[in-house]
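**Q** The transmembrane segment annotation in TrEMBL covers 439-464, 476-497, 509-529, 550-571, 598-622, 634-654, 666-688. Residues annotated as domain 'G-protein coupled receptors family 3 profile' in TrEMBL: 440-683. Annotation source TrEMBL lists region 'Disordered' at 897-946.
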Amino acid sequence: MVAPVSKWNWPMVVLLLGGFAVASTLFTGVSAATFKITAILPLSDPSSVATASGIRDALVAAQGIVDQVALGSNHSFALDVKDSASNATIAIKAVFDAAKDGAVAIIGEMGSAVTIPIALTTSNFAMLTCSGSVTTPDLAASKGFPLFIRTIPDDAAQGQFLARFVAMMQWRSVAVLYSSDAYGVGLMSMFQDEADAQRLQVTTIQSFSSTDHNGHELALEAIKESGTRVIVYFGLSADLIHVARDARDLGMIGADWVWIGADGISDLPEVLATATAADVDNCNGVLFSLPNQQGGAQYPAFWSTFHAAYPNRTDMPQYATLFVDCYQALARGIVRLAAIHGADKVLKRSYPPSFSASDVIMPFEGISGPVTWNADGGRLADFTIHNLWHGKAATVYSYPPGATALKSTGTAVRFYDGSSMVPPDRPAQLIAYVQWTSVGGIVIEAVTAVLIAVVVATTGYLFSRRMDPKVKSMSFVFLVQIAVGIVLVLVSVLVGLDEPTKLTCNLQTWLFLIGLALVLSAIAAKSFRLWRVFDNYKLEKLHHLSDTRLLLSCLAVAGIQALILVLWTVIAPLEPAMTSTATSVSYKCISNKSGWSIAFHVLALLYNAILLVSVLVLAFKTRKAFSAFRDSKYIGYACQNLFVIAVITIPLRYLAPDSIALTSYIIRTVLVLYASAFTFATLVGRVAMVPFLAARQPDPATHPMWERPGSRWSSSDGLASAAEPVVGKPTTMSGKYPVKKGNSLFAPWRTHRLTLFALEGWLALSRLTRDCEQGRLFKLRSVTFDPNPGSAGNSTTCIELRCDSTSYLVQCASEDDKARWVRALATHCPMYSRATGSNPGARLMDDPAAAVFAHTMSALARGGAESAVVVALPALIPHEHEDAPLMIGGVAATGASVGPTDGKSRDASVMASNGGSAGSEGGKSVRWSQFEDTIVDRSGGGGGKS
């Protein structure tokens, strides 16, 4: 019995059909697919056809390598090549055609101007895109192109490398010429950023349009005027041919010019193959950068395959291996996509919304070298420098990632003249700043060092003689302060030599301004004390003018200067900036914060101008004040000198054009050195000469001039004579004496006639010479005298006359002769004394106010009772403040009180009288002070100031 078929046949049929369906599904999932990749290249563009055709041939020759990539996946790849003609419209149409034909990825294009529209279009079709030559940073993943990758480093990497290359070649200044398209703008921007980091000066940045071959002259002339001889070119080879022709006409092609390009001119050998001999010569010595294109382990095998397929090609075309690595990268990514999403979705380009190239593109070992990417899809690779000579390019340097120096390939670089000697970025004669090793630098260093040594040695000598009364009277502490300030100014000159740095820019400003503040404040302190003593009726407050108080004031002045500098350094620090012209290159110290910098410059100028004007005013007010060795006069000289120097140097510092930068610097430096030397010589060095010369000059007490008739002070009319009345004029007394200026360092002793016209109220001092007698006539009331001058040493026969701001030291014939003059002068003139410890009278008494008169009174007593001036010295002049008048001839002296006797200042008023005889001008009020050895006459009889 045969069973019915329907009971067992239908289940079997269903089972078979199900198995067939599953098998069909499994078979479909693992079935091989052919993925089409389209390459879009400018094959019909005459300027790019040589390189584009080489890339096409390399892609075709690499088909076997790509098949190896697909091996094991059962998939295959087909390459389709389309022409873009370097036209964006044609290229976009090629993308549409490729998408219609089922292409899943695009290779191309060569230029950024066409590749950007291609990438925008492929992103709408979800097509992976890769280029081996486009470097613009605008195609980064972070800028909206997640499906775009490249196997060449972008402009950021290439621009940074070129700036480092320029720095490693020891060039410090360059000019940039770039095309106005995306490629040129991107490279220029990245190069400039890295140039700033490398402290390179970009002297000028000029652009040109790649569509205008006649618009290069203005840009080239600007570069020529900038003075630099190194030109970095960011553009294409076809444009460089036209640029070089115009550069040749302007004299910018030659042995002293260097042209550097980026990868945009890497196809220059192909372009020059059909160019004229003149164009080939124009490009001799050109350098250009390229990523390493032959560093992969696959390169030797690929070169064999390529050369076998195209035996007429003797060199690997530029970018060819990079585009082959693009082909490999896309193939690897597509295989990975098919494994994840399935081949059908890849063929339909149906990906998740968040899909990006970084999801499937993995690093691999390519023909050009290791292929890795950064987060923006930019290739990480090492660079090489190629050198063009007679139309052929040779690799001369390599620069692996992370390297700090160029690595020579063994092939010598050749510049335009065929030499391997690196030309300077500027001719040597155009360097407009003084270098340490230059002749000018050595001279400035030597002069400055000598001046510093002189200042230090002189200050050391003054320190050893600081207890000398003459040095003490000149305020030793302020002499040291002036010396320190001048040393700081001189050191600032040395710091300012050669190429500046951020440290030297700020340090030079600190040293100069602090030094200037110390000098000006010390001069102001000396002048101020001189003025207060000179222009003050009472000395009760002069203890405020002690060295300690004035020194604190000076430090406060310098402290304000330091505060300004601290704020300046913190808020707007100075940095070096190179400035260049057609004839020179120099450096300036400027701040990036121009507004703050201007404010601090103005503030510093105003502050120091106030200091200088204050010193000038004080110097003017004390110009006629008597001071030891005419200190007030030399302070005036120093102030006037500083003012004139400031008037010259400030405009040169801020207003001088860059074309005379070197001249301006030399003038300013010479003036600063001169001002430093003059100021030190007049205010400090001159004081050091006082004890130095005093130790070498004969003491009038032991070697009086009277005993040397043949000495140079002798006159033509015989030896000097003692005082005698003039016949017929009992009120006139005259004598011939050795006389020298008491407050002049180098004044000699010379014979003068000293004549007192008592009745007429005049004192004459005339020089006796062989031909004539000439001299000066002084009003008696404007003359003061010192009967015991400290500048005469131990001599007891000298008196000192002070007329205006000059003192005259007169050596009388004997002590009796001196007494006659003292009695006569005391009747009509104020008497003062600045006798020091060298005077016997001063050694006998503790109080200096009494010691002023002790020695002279003994001589006056010998003159006879009828003409004696009896001085009752106060025994009660204490060491505390006390008003105690001096008694002369039984009359109480009026005038200023005796101030605090703390060793700093004393006030003694003296009334001179001759028994009320005729010719007396009445009471004379005299102030004695140790402050700057200054004497002020305050008599009611019109004594004036001297």
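Using N, Cα and C of the backbone, Cβ positions are placed for all residues, glycine too.
Provide an account of the burial state, proximal residues and distances for the features listed.
**A** Tertiary neighbourhood of the transmembrane segment (439-464): same-chain residues 471, 476, 479-480, 483, 486-487, 490-491, 493-494, 497-498, 666, 669, 673, 676-677, 680, 684-685, 687-688, 692, selected by CB-CB distance under 8 Å and a gap of 6+ residues from either end.
Note on the domain 'G-protein coupled receptors family 3 profile' (440-683): its mean pLDDT in the predicted model is 87.
Residues 475, 478, 481-482, 484-489, 491-492, 495, 545, 550-551, 553-555, 557-558, 560-562, 564-565, 568-569, 574, 589, 604, 608, 611-612, 614-615, 618-619, 621-622, 631-632, 635, 638-639, 642, 679, 683, 931-932 of the same chain sit 6 or more residues outside the transmembrane segment (509-529) yet have a Cβ under 8 Å from a Cβ within it.
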**Q** With Cβ-Cβ distances below 8 Å as the criterion, list the same-chain residues six or more beyond the ends of the transmembrane segment (550-571) that contact it, or say none.
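**A** Result: 477-478, 481, 506, 509-510, 513-514, 516-518, 520-522, 524-525, 528-529, 593, 596, 600, 603-604, 607-608, 611.
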**Q** Give the nonlocal contacts of the transmembrane segment (476-497) in its own chain as ranges (CB under 8 Å, at least six residues past its ends).
**A** 434-436, 441, 444-445, 448, 451-452, 455-456, 458-459, 462-463, 466, 504, 507-509, 511-512, 514-519, 521-523, 525-526, 547, 550-551, 554, 669, 672-673, 676, 679-680, 683-684, 687
